[in-house]
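Data block below; observations after.
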Amino acid sequence: MVNTEVYIVSAVRTPMGSFGGSFASLPATKLGSIAIKGALERVNIKPSDVDEVFMGNVVSANLGQNPARQCALGAGLPRSIVCTTVNKVCASGMKATILGAQTIMTGNAEIVVAGGTESMSNAPYYAPKNRFGAKYGNVELVDGLLRDGLSDAYDGLPMGNAAELCAEEHSIDRASQDAFAISSYKRAQNAQATKAFEQEIVPVEVPVGRGKPNKLVTEDEEPKNLNEDKLKSVRAVFKSNGTVTAANASTLNDGASALVLMSAAKVKELGLKPLAKIIGWGEAAQDPERFTTSPSLAIPKALKHAGIEASQVDYYEINEAFSVVAVANTKILGLDPERVNINGGGVAMGHPLGSSGSRIICTLAYILAQKDAKIGVAAVCNGGGGASSIVIERV
């Protein structure tokens with residue numbers, strides 16, 4: 001078995017569009033194509049040089065067969081390209097990256113594109129009783145986004161109920177969650193103001209129609225929407241007298257991200273300067289209703305796999321499905337909050353489900369470069385009780 005080192009030679013993401021916002025007219029497959037094309041162009045790699053593509057996507061209904069392949073062909077990759085769509089809910093993009101790394105490590109590929117894409121704005125409604133005709137009574141529409149993206153498959157409850165359970169079990173009050181959310185927004189706003197995201201973002205042209213020029217979207221839409229007074233006063237959503245609100249949870253969004261992974265031999269052959277090396281990963285799972293704290297189980301596994309001590313880690317990216325997720329996992333692992341999500345996260349920037357896992361790897365790689373740091377850990381929880389984590393090293 002081959003066991004080559006795997007490098008990230010390119011990492012990009014689209015801006016994240018608000019729900020029903022600038023990207024509402026673009027399907028997830030189009031956003032994915034833009035990310036893949038942008039990632040390849042950054043390092044001047046020909047589409048025909050790519051061996052395989054893994055792309056995460058969660059709500060695939062109405063997108064057509066194998067969204068990953070549509071993303072690849074839309075980016076100009078040849079029809080011979082092997083493509084796999086990955087659905088591990090919010091961890092899909094990270095799992096796609098892990099699969100890509102494993103494919104290279106086993107000698108089955110030298111160049112892999114991995115990432116994820118989601119258009120939550122375009123998630124359809126289902127009419128499940130209409131296949132053979134409703135026999136009697138009213139016909140209901142089922143929200144595909146809620147059913148397949150944001151609800152527990154086992155008890156049918158929204159993900160926010162699990163967030164409330166997390167807050168209760170780990171004694172995290174409303175004020176702490178609101179404070180974290182405000183911090184996330186301010187960090188994201190600062191990152192935009194200082195152009196910290198500039199390197200990782202590939203702009204997206206959106207057709208406007210009626211003879212008007214296309215609109216060029218270059219930054220995330222959500223961070224500017226902070227209203228501190230409103231955030232602190234909005235009512236809890238999932239539980240009477242609860243602590244989780246629409247304002248301290250992640251938003252619904254559209255976006256995509258893509259990484260170009262490469263074997264050590266191919267990096268040397270092409271004379272490229274990688275962004276980072278993938279040195280380990282780990283995954284974990286527990287009760288579905290406790291998925292919120294699964295990153296605290298996956299991160300130690302990833303560190304062990306990488307042969308890294310927690311004290312060696314410079315920065316963390318823990319996906320902010322809810323403020324309570326980042327707060328709880330930071331608390332459980334005893335992390336320094338000043339080294340977690342330093343440019344904001346899903347609460348302020350957005351959480352397009354299939355993309356977030358690879359998006360945080362992308363962001364982390366640039367943080368390591370900007371901060372002249374060495375080791376970074378990214379982790380993301382996923383519905384059903386799981387989490388994935390990955391360790392990267394700047395080279």
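Backbone N, Cα and C define each Cβ position, glycine as well.
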Matching residue for the K(+) site, where Swiss-Prot names ALA246, ALA247, ALA249, VAL347 - out of TYR136, TYR154, TYR185: TYR185
Rounded to the nearest Å - Cα separation of ALA247 (K(+) binding site) and LYS230 (CoA binding site): 8
Between CYS381 (active site, proton acceptor) and CYS90 (active site, acyl-thioester intermediate), the C-alpha gap once rounded to whole angstrom: 7
In sequence order, the recorded positions (CYS90, TYR185, LYS230, ALA246) whose C-alpha falls within 10 A of HIS351 (active site, proton acceptor): CYS90
Nonlocal neighbours by CB distance (under 8 Å) for ALA249 (K(+) binding site), same chain, sequence gap 6 or more: GLY160, ALA163, VAL237, ALA321, PHE322, SER323, VAL347
Distance from ALA246 (K(+) binding site) back to LYS230 (CoA binding site), taken between C-alpha atoms, in Å: 11
Rounded Cα-Cα span from TYR185 (CoA binding site) to ALA246 (K(+) binding site), Å: 14
